[in-house]
Amino acid sequence: MRKINFSAGPSTLPLEILEHARNELCDYQGKGYSIMEISHRSKVFEEIHFGAMKRAKEIYGLDDDYEVLFLHGGASLQFAMIPMNLSLGGICEYANTGVWTSKAIKEAQILGVDVKVVASSEDDKFNHIPNIDFSDHADYAYICSNNTIYGTQFKDYPKTKSPLIVDASSDFFSKKVDFSNIALFYGGIQKNAGISGLSCVFIRKDMIERSRQKKLTSMLKYAIHVENQSLYNTPPTFAIYIFDLETKWILKQGGLDQIYDRNLKKAIMLYDCIDSSEGFYQGHAYKKDRSLMNVSFSINKDLDPIFVQEAEKEGLIGLKGHRILGGIRASIYNAITLEQVQILCEFMKEFRRKYQ
Ligand SMILES: *Cc1c(COP(=O)(O)O)cnc(C)c1O
């Protein structure tokens, strides 16, 4: 029996996708070989590769102003590639809203770019999205749209005049995005859109130009990957194959409006369960900044681990909070259904009845 898996990443996939992949794992569409066993330069793989790129853009409604890149190295490599490729010797501005932005800031500093942290909620354990004052003339302005560990999320992105960079690793394909000021948008896709090994990057044309001007080794240069349509070297072919299935799945659900509707309903249900517990469960994030993807909460030091243990016995896994924050975290990405959130809520009510 499959468990209900609230893991933050890698995380649960739609069963349909797993079954589809299983059914053609050894024999891809009757061809007599696995998709894992063929050249990334073959027609058969190219169809998947370019199909996934096309659909990824279609899902976000993007036109030719943007290129899609499939890169290795996880989201974390982007922390370095962004300053390497896009800094122009001016100031690079960052909003520090959690561990992942702290790491991005650190990488930029190592590279010696002029980093300015324009806002931070670190002193409050990153429990909210701070007011952010980006200037109008930075090389770029950097945010993380959803803070996976602390469970905060930008409802709207800052309307910056500087090119906006967004790390959307944990809310990729979860809602519509206004790209009007976005210069680069990326995510490691193992949280909400596939499996590990692949990062999907949308890069605007003027940023490719910046990259082209830079003296960088090939694998670290966006322009090289653009010129080679993300086939400069062997890409993570199986991860791209799964991502392709994800893009088809999203479109089949009716696109991001439908996906968002469902995500909203799930989150409302779970936060209601927390808020109606008379203080037994406490949410970590300010209400206004609550994430629809990662719900971080706690009871107390003694009961948190018991909660996680007992949940596991009921087939609810992946609920242990991140080691940095502790407590409990339920990640309710696209592949988690409303019914599964309902089962979690019922467990929470029962647990409270037993221990309060
Ligand atoms: C998980 C995560 C990362 C790091 O992803 P890797 O692919 O492991 O490098 C970066 N940013 C955010 C927002 C994340 O949730």
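Cβ atoms are placed via backbone N, Cα and C, with glycine included.
The feature domain 'Aminotransferase class V' is assigned by TrEMBL to 5-344.
Feature annotation from TrEMBL assigns L-glutamate binding site to ARG41. DSSP classifies ARG41 (L-glutamate binding site) as coil under the three-state reduction.
All protein chains considered, the CB of ALA75 (pyridoxal 5'-phosphate binding site) has 26 other CB atoms within 10 Å. Under the heading pyridoxal 5'-phosphate binding site, TrEMBL lists ALA75, SER76, TRP100, THR148, ASP167, GLN190, ASN233, THR234.
TrEMBL lists LYS191 with the feature N6-(pyridoxal phosphate)lysine. In the three-state DSSP reading, LYS191 (N6-(pyridoxal phosphate)lysine) counts as coil. There are 28 other Cβ atoms within 10 Å of the Cβ belonging to LYS191 (N6-(pyridoxal phosphate)lysine).
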**Asked** Checking the binding-site residues ARG41, ALA75, SER76, TRP100, THR234: which ones have Cβ within under 6 Å of ligand 1?
**Response** ALA75, SER76, TRP100
**Item:** Neighbour tally for ASN233 (pyridoxal 5'-phosphate binding site), based on other Cβ positions within 10 Å of its Cβ
**Value:** 12
